[in-house]
Amino acid sequence: MRGQGRKESLSDSRDLDGSYDQLTGHPPGPTKKALKQRFLKLLPCCGPQALPSVSETLAAPASLRPHRPRLLDPDSVDDEFELSTVCHRPEGLEQLQEQTKFTRKELQVLYRGFKNECPSGIVNEENFKQIYSQFFPQGDSSTYATFLFNAFDTNHDGSVSFEDFVAGLSVILRGTVDDRLNWAFNLYDLNKDGCITKEEMLDIMKSIYDMMGKYTYPALREEAPREHVESFFQKMDRNKDGVVTIEEFIESCQKDENIMRSMQLFDNVI
């Protein structure tokens, strides 16, 4: 029985990462370069070109308007994939299909990319920040990456597993408008107490401006982040009590055409 259980676990992992094709028996794996490009493109906030407006800050989970990444083709893979030894084995493919809105092929592509960047099967905060910094070589993305990491780390154990990763991506890329707004609210609610304060939003905005870098906006005024926060609260804090609740956040976003239009940027990313 013990040997059989181990065999099933290994089979699930091979099935998930696409290390063999059930029909041909051949490994379809992509090259490391292709995996890295795919993995990076799948994280939110891919290559923004401008500082966000209020509506963009509210609409995009990464607070910045991303460009549309190249569509992933799960079938365009090479024949030279070397399996990595993973310490954390993800849940079975069928279970992840039920829990997310990704297809079998998409999950396999995602897993190969995740395992290439994170051979242990999990990513800690420091590794996450290192990966994320590749988006913004001109600035300091470490603080914002910490906020984003905490949003993916839903059980607060200090690591993001593949299950955590695809659960977050499923909401961002395939979730309903309400799903995405709830995810964005959770990102901005830094202490997870159910409301966004001006201090929290100021920390978010400062991290975004730091991430963009002074070389992108050399003439940026020091008070710009605080002004952005005031604009945010003027739009969102409907009862003027100094905090934004999830109800205020969702209601305000749903009434803003620009925000709703921005939410569609994440459709069909993969």
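Any Cβ shown, glycine's included, is placed from N, Cα and C.
These come from Swiss-Prot:
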- 1-32: region 'Disordered' (REGION)
- 1-17: compositional bias 'Basic and acidic residues' (COMPBIAS)
- Ser9: phosphoserine (MOD_RES)
- Cys45: S-palmitoyl cysteine (LIPID)
- Cys46: S-palmitoyl cysteine (LIPID)
- 81-137: domain 'EF-hand 1' (DOMAIN)
- 140-175: domain 'EF-hand 2' (DOMAIN)
- Asp153, Asn155, Asp157, Ser159, Asp164: Ca(2+) 1 binding site (BINDING)
- 176-211: domain 'EF-hand 3' (DOMAIN)
- Asp189, Asn191, Asp193, Cys195, Glu200: Ca(2+) 2 binding site (BINDING)
- 224-259: domain 'EF-hand 4' (DOMAIN)
- Asp237, Asn239, Asp241, Glu248: Ca(2+) 3 binding site (BINDING)
- 257-270: region 'Interaction with KCND2' (REGION)
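The structure, with features from Swiss-Prot marked on it.
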| residue | record | DSSP (3 states) |
| --- | --- | --- |
| Asn155 | Ca(2+) 1 binding site | coil |
| Asp164 | Ca(2+) 1 binding site | helix |
| Asn191 | Ca(2+) 2 binding site | coil |
| Glu200 | Ca(2+) 2 binding site | helix |
| Asn239 | Ca(2+) 3 binding site | coil |
| Glu248 | Ca(2+) 3 binding site | helix |
Practice problem: Determine, using Cα-Cα distances only, which of these binding-site residues is closest to Asp153 (Ca(2+) 1 binding site): Asn191, Asp193, Glu248. | Solution: Asn191
Quiz item: Given the binding-site residues Asp157, Asp189, Asn191, Asp193, which one's Cα is the least distant from that of Asp237 (Ca(2+) 3 binding site)?
Solution: Asp189
Exercise. Would you mind splitting the domain 'EF-hand 1' (81-137) into helix, strand and coil residue counts from DSSP?
Key: 32 helix, 3 strand, 22 coil
Self-check item: Per-residue Cβ crowding (10 Å cut-off), top of binding-site residues Asn155, Ser159, Asn239
Solution: Ser159
Practice problem: Within the domain 'EF-hand 1' (81-137) only, compute the mean pLDDT. | Solution: 81
Quiz item: By CA distance, which of the binding-site residues (Asn155, Asp157, Ser159, Asn239, Glu248) lies nearest to Asp189 (Ca(2+) 2 binding site)?
Solution: Glu248
Quiz item: Setting Asp237, Asn239, Asp241, Glu248 aside, what same-chain residues sit with their Cβ within 8 Å of the center of the Cβ atoms that define the Ca(2+) 3 site, listed in sequence order?
Solution: Met236, Arg238, Lys240, Gly242, Val243, Val244, Thr245
Quiz prompt | Pairwise CA distance, Cys195 (Ca(2+) 2 binding site) versus Ser159 (Ca(2+) 1 binding site), rounded so that it is a whole Å | solution = 24
Quiz item: In the same chain, outside Asp189, Asn191, Asp193, Cys195, Glu200, whose C-beta lies within 8 angstroms of the Cβ mean position for the Ca(2+) 2 site?
Solution: Tyr188, Leu190, Lys192, Gly194, Ile196, Thr197, Val243
Practice problem: Would you list the other residues of this chain near Ca(2+) 1 - those whose C-beta lies within 8 angstroms of the C-beta centroid of Asp153, Asn155, Asp157, Ser159, Asp164 - in sequence order? | Solution: Ile122, Phe152, Thr154, His156, Gly158, Val160, Ser161
